[in-house]
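What follows is a set of notes on a single structure, which appears directly below.
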Amino acid sequence: MATTTVVCGGGGDVEGCDGERSLDLLPAALLETIMTKLDVASLCSLASTCKTLKSCVTRVLTFTPNFHIFNVSLSMETVRPLLFPNQQLSSLKLDCGRLGNSAIDILVRPSLREISLHNCRDFSGDLISEIGRKCKDLRLLCLGSVAEKVGRSISRCALEDLLNGCSHLEVLALMFDLSLYLRPGDGRIFGLVSDRLTHLELGHITSRMMTQLLTSTEISGQDSNRVTTSTVLQNVQRLRLSVDCITDAVVKAISKSLPSLIDLDIRDAPLEDPRQVSDLTDFGLHEINQNGKLKHLSLIRSQEFHPTYFRRVSDQGMLFLADKCLGMETICLGGFCRVTDAGFKTILHSCASLSKFSIYHGPKLTDLVFHDILATTLSLSHVSLRRCHLLTDHAIQKLASSLKLENLDLRGCRNLRDETLTAVSHLPKLKVLLLDGADISDTGLSYLKEGVLDSLVSLSVRGCRNLTDKFMSTLFDGSSKLALRELDLSNLPNLTDAAIFALAKSGAPITKLQLRECRLIGDASVMALASTRVYEDECPGSSLCLLDLYDCGGITQLSFKWLKKPFFPRLKWLGITGSVNRDIVDALARRRPHLQVSCRGEELGNDGEDDWDSADIHQHIEAQEDELEQWILGDEGDVEMEDAEDESEEDASEED
């Protein structure tokens, strides 16, 4: 079959090119039919190649049912022409980081059945209100960070408009702090929610509000304050909450009021140690899963604001939990400082269907938990033992007997040594291995090359301070094709540019590379990565979507020349030390507005410390080719960045 090749050059200016004339011979209807199979980001990429395809894309965008772009924040000037003509849009998923209230009329329309808007910091409650008034047939709604910008707010009326108007909602995720806008007694407004709701996720709400929502007060003759179970949310199967403090009362209310619950994820981050009457105890755990349908449970107490734990839960509470959770498939427990091996072991030996087991900060968890794991019928695929300081290699050797392990998170287990790597190197399905802070050596990591490295997709050795360049030369010697996509080499004091040369030379298609706080990494590493050709027909550095160079000691303004286009065309997140040269950093951010430049040491990407995400209802779209950004941005900004560099060079000359 003959193929038609579009040959384009000059940043998309293809007048007179042979490829465009060939495309003109094809019926527009044929091209448009093919384009209906593509997502919006791909359509925009096509539109940047030639006039024929741009014309077809323009027509397709008037009737495409789905508009999903999460990898870049679009401006109002870009969104308006893309969305305005489309009256058949049913699903809108967008990063609104550069939009505000002026975009409400463009975004909100009656035809929508799914809305997922992230980074809505510059929107007020008007966005929520308008969705309730216009989107009567909405099935899925996810709103993130609404009104977080100073001066924006959300009223109770806005939430009432939403819950009254969207009477067919099945999925509702309000990922912002509701407690800032609702009074203590306002939790009952959720009584207006659709009875079709099966998935509810709230960014933050007080335990008191949640308890009020799930209980109702009946007034009768002799018993004027009898509290009964509410029928609100009775069809909810998945509930994810962040509350001020997890208490027995809220756990009891959830268990008794949600008879259909399958998945419960609740966490808190108290500002101080809770009092006994307002904390979770053994009796609270006894209330979990009253209806016996729960398959997935996550109870996390974070130390984000204060070093506090579930101090009133003991091994007895774990015995209660194990008795009620025999059919559990996923269990995640964090902050249970009084629970010992006996408690955790009871969970493992009671839940025969368990496939995912996570313990965050288990200070009393030791190797004995896994001593006789072979006596169970467990088939674990995901295990996380983060910050369990008493674990040693012996525990991992026992755990590795489960050959179905795909994800192993051992971050903060500082007593693990090379014997751990010997054990995990024989796991044929292992895709994720996180070893932050472990006491491992170059020799230990070389064991991975003997087996598991071919399947490994993500590897983190952050803070493993014994490591040198040698392990990089061993792993990336080019002798085999690697599946590795994510690599965290942060806080390795002995890592130098030579290690990055080995990585670049191997051509490994890394999409996420973290080098923060590597003091010996400098400009040479950036140049090597920028010059990498992952595939023969790709642009240099084409695979990297995230690059974190924060606090790398050798980075100077020279690196910024290699961070401009055409280098790193897929880069969406960049971490850098702002003090290198603030003017050049600002110029780079203006030149590449869709590149999120972080200068304050924030962790990049969406992988939070506690893995609090909504990947199940968000469609994560892979970073597209640079044509998308090119189509949106054009050629603006080159001169501005060059001027900043020239000024910097002049200042340096004057100082000399």
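A Cβ is built for glycine as well, from the same backbone N, Cα and C atoms used for every other residue.
The structure displayed is predicted, hence computed values, not measured ones.
Residues or ranges marked as domain 'F-box' in Swiss-Prot (evidence: sequence analysis): 20-66. Looking at the domain 'F-box' (20-66) alone, the prediction's average pLDDT is 83.
Residues or ranges marked as region 'Disordered' by Swiss-Prot: 632-656.
Annotated repeat 'LRR 1' per Swiss-Prot: 71-96, in sequence order.
For 120-145, the entry in Swiss-Prot reads repeat 'LRR 2'.
Through the fold, the repeat 'LRR 3' (151-176) approaches residues 121-126, 128-129, 131-145, 182-183, 186, 189-190, 192-194, 196-204, 240, 614, 617 of its own chain, all at least 6 residues removed from its boundaries and within a Cβ separation under 8 Å. Feature annotation from Swiss-Prot assigns repeat 'LRR 3' to 151-176.
The repeat 'LRR 4' feature in Swiss-Prot is assigned to 194-221.
Non-local neighbours of the repeat 'LRR 5' (243-268) in the same chain are 179, 198, 204-207, 210-211, 214-215, 229-230, 232-237, 274, 278-281, 283-285, 287-291, 293-302, 310, 332, 334, 610, 612; each lies 6+ residues outside the stretch with a CB under 8 Å from one of its CB atoms. Feature annotation from Swiss-Prot assigns repeat 'LRR 5' to 243-268.
Secondary structure of the repeat 'LRR 6' (277-301) per DSSP, as helix, strand and coil residue counts: 7 helix, 6 strand, 12 coil. For 277-301, the entry in Swiss-Prot reads repeat 'LRR 6'.
Residues 246, 265, 267, 273, 276, 279-286, 288-290, 292, 294-303, 342-344, 346-347, 349-362, 384, 610 of the same chain lie 6 or more positions beyond the ends of the repeat 'LRR 7' (310-335) yet place their CB under 8 Å from a CB of it. Among the features that Swiss-Prot reports, repeat 'LRR 7' is placed at 310-335.
Residues or ranges marked as repeat 'LRR 11' by Swiss-Prot: 413-437.
Look at Swiss-Prot and you will find 439-463 tagged as repeat 'LRR 12'. Remark: secondary structure over the repeat 'LRR 12' (439-463) totals 12 helix, 3 strand, 10 coil, with classes taken from DSSP.
Cβ atoms under 8 Å from those of the repeat 'LRR 13' (464-491) belong to residues 431, 434-442, 445-446, 448-449, 453-458, 498-500, 502-503, 505-518, 548 of the same chain, restricted to positions at least 6 beyond its ends. Taken from Swiss-Prot, the feature repeat 'LRR 13' covers 464-491.
For 492-517, the entry in Swiss-Prot reads repeat 'LRR 14'.
The feature repeat 'LRR 16' is assigned by Swiss-Prot to 552-578.
Same-chain neighbours of the repeat 'LRR 11' (413-437): 381, 385-393, 396-397, 399-400, 403-407, 443-445, 447-448, 450-452, 455-464, 483, 488, counting only residues six or more beyond its ends whose CB sits under 8 Å from a CB of the stretch. Sequence-remote contacts of a segment are chain residues at least 6 beyond its ends whose Cβ falls under 8 Å from one of its Cβ atoms, and for the repeat 'LRR 14' (492-517) they are 458, 461-465, 467-469, 472-473, 476-478, 482, 484-486, 524-525, 528-529, 531-535, 543-552, 554, 570, 575, 601, 604-605, 623.
Residues in the repeat 'LRR 11' (413-437) partition by DSSP class (helix H, G, I; strand E, B; coil) as 7 helix, 3 strand, 15 coil. According to DSSP, the secondary structure content of the repeat 'LRR 13' (464-491) in residues is 6 helix, 3 strand, 19 coil.
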